[in-house]
């Protein structure tokens, strides 16, 4: 194949390929052990048969074959354990690679965030806000003090009237002219009005009593 069509597999792809190979190896070993176990039973049967026949030489040869077969089966189990260990180790490495990718992604994200909002710019913005807030508070305090100075001592009634007259004059209202247009009130005092009302009530009462006593 041309190099243009050949692409190097990624780590994940290589790990999946390795996992398939390890599983295939395990299946091959299990199949071989099955053959060995069947052969082991066959040889054991041959040894028993030769022993019944009293064939000592055949028993010796078959016994050696059985020993070698059992040793091979033991090596097959050992190899299977190693293959399983390699598979486990590969899974651990895969988990570590995933964590490394996660850390890489996290580091990249944090770097982008730091570029978008640098600590220096953030601190500068906070300082500017604090300075503007202090200036605003100082301006408000200065204005309040000035207003307090303007109205200080204005508790005097004459002074208050003067200030009211000045304000009314500024908005074009002549208070004296308004007062002259107001309707005049009765000259009778509240006490005199009350006395007159009481006198009328007494006279009305006397008239009623006279009417009751008449024949």
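Each residue, glycine too, has its Cβ placed from N, Cα and C.
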Stated TrEMBL location of region 'Disordered', expressed as one of 1-42, 43-84: 1-42
Of the residue ranges 140-177, 178-215, the one that TrEMBL records as region 'Disordered': 178-215
Remote residues contacting the compositional bias 'Basic and acidic residues' (16-42) - C-beta distance under 8 A, at least 6 residues beyond either end: 9, 66, 69-70, 72-73, 76-77, 79-80, 83-84, 86-87, 90
Composition by DSSP (helix, strand, coil) of residues within the region 'Disordered' (1-42): 35 helix, 0 strand, 7 coil
